[in-house]
Structure formats: structure tokens, C-alpha cells
Amino acid sequence: MIASTINVTDIEYWLLLARAPTVGPVTFLRFLKHFGSPRNTMTAGRAEWAALGIKGELLHYLENPDKSAIEKDLHWLSLDNNYIITFADAHYPHRLSEIHDPPPILFVHGDYTLLNSQQVAMVGTRNPSHLGKEIAYDFAKNLAQAGFTITSGLALGIDAYSHQGALAATGRTIAVAGTGLDRVYPAQNRELAHQIAQTGVLISELPLGTPAKTQHFPRRNRIISGLSIGTLVVEASLRSGSLITARQAVEQGRDVFAIPGSIHNPLAKGCHALIKEGAKLVETAADVIEELFLHLPKQPETPAYPSATLPPSEKRYTQHTELDSDYQRLLEYLYTEAQSIDNLVELSGLTAEAVSSMLLILELQGLVASQAGGLYVRLS
């Protein structure tokens, strides 16, 4: 379990309150504000509950909570690489804490430090075109190589190809599940989920044993956008659920990007609608990086709870890119003479888009400069 001020007994109260009937994220946080903690909420007594308007099924539950319901959660928590992060925990994702209805509890399997990394959400149709699959994979790979963590929903289609692109680059990817973490939906992505758990992280707000239900996925989508500094929509029809994610991102004050397509392609119409609504049209990963770099903090971001000590692996974005071996190689190739992108592609073995994105970041950091003739030179 993550080192924090919360002991196992307190965790039980968090889990019990999270399972209370009619208690969603907003009500849960209202109880936290009023009573101070889940423990205080569940031990307050009938008079205090009644004063807050609690009655009926919820009142009965608070008086008679079913502790056997959380035994599975506690056993799961005892296993390696499993964590429960509460809203009061120092490691709770600081961006997610800023949204209107942050989940009170996150079930986490994998590298929990990624939850406070710089993330780009990637979403789209479950039935993409062949080109859409390639675009999702390539964008994710290039964004991951640039230092971003790719966050998506483990669904078929664009989600899966986005996760795979990130895995092929750095392995830094977050899958937000619409089920309990003891289940994988869809079942076809079971192996993908296993791969993500090795170098990335799987998370869910839903208790163990929760099956896939239609109403869970719009709720899941707010977490995908809430974790991220920007949301990229790759292919989407006008009825696609990914448009919900994009609009939630707007409501949360985050950037939205959309990739255009043919006017005759139904899977481009959702992206075109978003662009009309103000989403930023992007054609390359470099377009996304350039836009996001304008909003990235120059200093390390403050976690949700300032007293927290973040793990050593949690570094600000520019530190990560400076230490990345691919970036170091590019700088070495530029050490003696200016180089074109084509030359750097040949020397490094990276794709042209990856090299272009990396050069943009190095230029924004003041480490390289572009010259006439499409050449790049090292400045330091």
C-alpha cells in the first residue's frame, strides 16, 4: 500500500462509503467537507445524518454497513503492484482533483507515479479505418517519445492502437477501465492490459467485480480527460462516445485536438464537428507538442496535497526529455555540424515525424536552432 496518513482501518471506511447506495463522487466529497473523513461520516450517528437530510436506503446502510462487501477489495490490495489511492492521498492525481466530480477512490494496478505525469488523452472510434489505426499508433508513439504519457480507455480501435504506440516507444501509458480491475473489457484486450501493467498503469474508480455497463463509460471518459493536459480525437463519427470525452475536456478547461479527414468519410465528421466548435486542427504530433508546450509549467507542478513528497521518478517534463537517450543522440549528431532532418533520420533510425517532434522540443528548450536550408544546429 502507498505510504500515506491512511491506515488500513481508514481504507475500510473509504471503501464502505464508496459502496453506499445513492452516493456518487459529488455526494461523497460533500460528506468529506461536512464530516471531515469517511470514518466520521459513517460513525456520526442518526441525529447528524438526519440533520444533513440523509434518510431511507442510505440511512439504513450507514447504520448497517456490509463489511463483507469490501473483503475482496482488501485482499486485492494486499497483492503486489495493487494500490488504492483516495482523494486525501498525497499521490492522488493533481489534475483529476481539479474537476467538478473527481472519483473519491482510484483502484490502481501498475506504476502509480504516472498518474501525475504530463498526459495526452487519445480517443476515437472502436471501428477505425486502416489509416486511422496507423495514425493513432504513430501519434501515440511520437508523443510518448517526446515525453508524454498516453492515456486512453482500453477499448477496441483507436484506444488500443494508442496504447500500443505508447508501449512501442516508452511504455508510459495509462488505461482507464470502465469495469472493476479484476475484469478486462473487452476480453480481446486482455493481453494488451497485461502489457500495460508491466510498464504503465491500469486504473478504475469502480469496485472490484463491477461488470461492463453502458452507463459506466461516459463516467470513465471524464477521468481520461481529467487526468490529461489535452485530449486528441483521431477518428470519430458524429455519434461517437469520444466526442463526449472531448466536450468533457472543454468543460474541465483542457485543450482539445482533432485530426481532420476526408469530407466523404463518416469517421471524420466527429473530428470536423469538434474543429468547428473550437478544437485545434492537428496534422502531426509536432502540432500537438508545440501547442501543449505553451501551457506546460516552467517549474515542477504542485501535487494535490502540497505536503506530499513525490517519488524520485516523478520529474517535470523538460527534465525527462533532457535525460532521454534518443534526445541525447540527436544532440550528439549535431555536435560538430548542422544537420538536416533527413540526415538525422538516417543517423538515428527514428521516423521523420519523431525527429521533427524532438527537434521542436529541443528548439523550445533552447538547445538547438533551425537555420536556412532546413538545417539544425546545436546551441549548447
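Our numbering is plain: 1 for the first residue shown, then up by one each step along the chain.
Cβ atoms are placed via backbone N, Cα and C, with glycine included.
TrEMBL labels come from automatic prediction, so no person has curated them.
What TrEMBL lists as domain 'Smf/DprA SLOG' is 84-292. Taken from TrEMBL, the feature domain 'DprA winged helix' applies to 320-374.
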Within the domain 'Smf/DprA SLOG' (84-292) only, compute the mean pLDDT.
96
When secondary structure is assigned with DSSP, how many helix, strand and coil residues does the domain 'DprA winged helix' (320-374) contain?
34 helix, 6 strand, 15 coil
